[in-house]
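Engineer: Sharing the record's features from TrEMBL:
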type: TRANSMEM; residues: 6-28; note: transmembrane segment
type: TRANSMEM; residues: 93-114; note: transmembrane segment
type: DOMAIN; residues: 151-274; note: domain 'Cytochrome c-type biogenesis protein H TPR'
type: REPEAT; residues: 171-204; note: repeat 'TPR'
type: DOMAIN; residues: 304-416; note: domain 'Cytochrome c-type biogenesis protein H Ig-like'
Amino acid sequence: MSSAVLFFTLVLLMCLLVATVVVMPWLYPAKSNRDNKLLAVNVATFKQRLAELQIDKDTGEISTEHYQQQKLELQRQLLQAEQSEQPARPVRLANRIFILSWIPLLTFLAYFLLADRTPVLQLWQAQDRVGNVADDLLTGKIDVPPTWATQDSIGLISAMQTNVYRHAYDANRWMRLSELFLSLEAIESAMQAMARAYRLEPDNDDIAMTYAQISFLANGARPTADARRIIENFLQKDANHEGAMMLMIMSETREGNHAQALGWIDKLSDSIRNKSGDHSQALDSLQKLHDDITQRQQKATQALKVTVSVNTSLLPLIKESDDLFVSVQEVAGGPPYAVKKLPVTGINNGIIEVELTDDEAMLPDRQLSMGRGGNAKLSVKARISASGNANSQSGDLTSNPVILNKDSQSVNIEINQQVP
């Protein structure tokens, strides 16, 4: 039985139950009045007695006060007898059926008319169609879904998410859901699913390492506090843990600690060499990484650090969609030796630090190191553009050029004016 049919069947049964409770007083059969003849005799007797009281009063046999008391009592008994003799008419069967049918009908109308239930129905259909496939994927019974199941990829993903929430304490299901999000390049969702798996089983090495790796991806290849702690725990248990060392290489490289990154590469290379078998391909990859980081280290020593500040009076003019341009060029003019374009969202409290290297050169034969090594006089400029155009336009916020000394590794510049 499908989820939708089961749901609506249960709803119908509940509505009928509620409807029965509501009209239960009506469902009792009306009590037959078996004493109608006796009641009719009593009513006639009460009326005759009232007439006799009136005669007794007229003849003076009873006082007026006694007459009034007896009359009120007889009238009360007469009224009660007449009500018993003529009870209220019982409700007909058709009315009962009408009430029983309208309560479920109104319930269904309210359910469908108050909100759009299409997503719910689609989810139920997906669960009925690919629910078993989703469960097999999450439990590791299969690694690849059947072709027919991939035709409704959204339904399969929804069924997997629903399955995971039904088994909320199964860390392996959360980890496989995270892998699904990674394949879809949904890094944030993968991170959340993996964090849940790690909280459930923090001592599971596979889950812990996967969580650390995804944390790196989600945080721009920088380790979070949890990831750093996980890596340190792995290295304490096993100083030659290759996965942990690789993450340390990525972390130190991203943070600009090139010497430490090179040290981890050497240590990882030694660990691989000590293992049996042919690992020449892995060692070649590490050597290429070593050369790349060495080159970055050399460029970092030649890098120019520019601290850009924005005058407080101009801060209200900046929009989130604006771009920041920082460039180095000759005072006499010509193409820049280096130019970097950044979103203004990186400006914090009116200040941002920008690093310029040969990687920011516009032309291969016109790099920053060439300009600084020659006799040309260089200047640094900063500009905030609303259009994102490399050329200055009216309304842009700009700075005055700052002359760059040959041996300077850093320079401060302020954006303090608007282009008319």
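Even glycines carry a Cβ here, placed using N, Cα and C.
Have a look at these and tell me how they're positioned relative to everything else.
Structural biologist: When the repeat 'TPR' (171-204) is classified with DSSP, helix, strand and coil residues number 27 helix, 0 strand, 7 coil.
Broken down with DSSP, the domain 'Cytochrome c-type biogenesis protein H Ig-like' (304-416) shows 15 helix, 51 strand, 47 coil.
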Engineer: Average pLDDT across the domain 'Cytochrome c-type biogenesis protein H Ig-like' (304-416)?
Structural biologist: 88
